[in-house]
Structure formats: C-alpha cells, structure tokens
Amino acid sequence: MASQQERASYHAGETKARAEEKTGRMMGTAQEKAREAKDTASDAAGRAMGRGHGAKEATKEKAYETKDATKEKAYEAKDAASDATGRAMDKGRGAAGATRDKAYDAKDRAADTAQSAADRARDGAGQTGSYIGQTAEAAKQKAAGAAQYAKETAIAGKDKTGAVLQQAGEQVKSVAVGAKDAVMYTLGMSGDNKNNAAAGKDTSTYKPGTGSDYQ
C-alpha cells in the first residue's frame, strides 16, 4: 500500500517536475521570444527613428534647397520684371517721341497746306477778278458792236427799202404812161382826121428822163 502511494507520489512528482520543466521551458521560450520581439521592436523603432531622422533631415535639406531655389527664382523674376519694365518704359518713351515728332510734322504740313491754300485762294481771287473784268469789258464791247451793227443795218435797210420803193414807183408810173400812150395811139389810128391831127400832136404827159408825168 505504502509502495503504491510512494509510486503514485513519485509519479506525481515526476509529472510535476516534467510539468514545471515544460513550463520552465515554455516560459524560457516565451521570454526568449519576448526578448527577440523586444529587440526586433527596438531595432524597428531605431530604424524607424533613423529613417524619421533621415527623413527629417532630408525634408529639412529639401526645404532649404526649395527656399534657396524660390529665393533665386524670386530674384530672377524681379530682375526680369525690372528689365521688362525698363524696356517698356524705353519703348513708351520712344513711342511718345515718335508720336510727338509725327504730331509736329503733321502740324507743319497742315500749316504749309493752309498757307498754300490761302495763297492759291488769293491768286485765284485775283485771277477771277481780272477774268471777270476782262469778260465784262469784252461783253460790253461786243454789246456796243452789236448795237452799232444793228443800227447800221437798220439804216442800210431803210435806205435800201426807200430806193427799192422809189424804183418800183417809177417803174409802175412808166408802165402806166406807156400803156396810156399805147391806148391813145390806138385810138388815133382808128379815128377821124381831127383825131388823126390830134394824134399827130404830142399828147403824152410823160417826159422821158424825168420818170414822172405832169399836167
């Protein structure tokens, strides 16, 4: 009985010892793993810190570089703006000078044109006045000549008309006397001696060369 208890106690002790040993091993393994994990975490943290520090330094360096580049670009932009402003001012001054010169030239040309127009107007007025005077004088002379010609034509026409009428009257009278003489002669040829004697007498009232008869 006692031996069974002893054996049971022995087995229990072995089991306990094995359990403790196993527990110890497990605890050792766990501790080792914990240390390894701790070391790993520490290394990771160190690496992270290193990377963070490196990143911080890199960021800081990058910031400095960016700042310097920005400052440099700002200076370049300022210089470019200053140059552009100077060129614009020079160009503006040049344009203003050219515009002023053109304005002066246009003013001078306008003055010359106005003076030339005034001179031409005066010359034209003088020529027009002279032409009008000459034209008026010529018209006056032509009118006087036409009036004189009309007067002379009227006088000549009057004289010619009078001569024609006088000549026609003389011709009519001559014809009438001739007809009368012919009738008288005819009657004398067919009448008695008395009439013949009377016919032998000059009973004509026409006198040659006078162109008229008389009583």
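Using N, Cα and C of the backbone, Cβ positions are placed for all residues, glycine too.
Feature annotation from Swiss-Prot assigns region 'Disordered' to 1-129 (among others).
Here Swiss-Prot flags 13-24 (among others) as compositional bias 'Basic and acidic residues'.
Residues or ranges marked as compositional bias 'Basic and acidic residues' by Swiss-Prot: 32-41 (among others). Same-chain residues lying 6+ beyond the ends of the compositional bias 'Basic and acidic residues' (32-41) with a Cβ under 8 Å from its Cβ atoms: none.
Positions annotated as compositional bias 'Basic and acidic residues' by Swiss-Prot: 54-81 (among others).
The feature compositional bias 'Basic and acidic residues' is assigned by Swiss-Prot to 88-111 (among others).
Per Swiss-Prot, the feature region 'Disordered' maps to 190-215 (among others).
Residues annotated as compositional bias 'Polar residues' in Swiss-Prot: 192-215.
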Number of helical, extended and coil residues in the compositional bias 'Basic and acidic residues' (13-24), per DSSP: 12 helix, 0 strand, 0 coil
Residue distribution over DSSP helix, strand and coil in the compositional bias 'Basic and acidic residues' (88-111): 24 helix, 0 strand, 0 coil
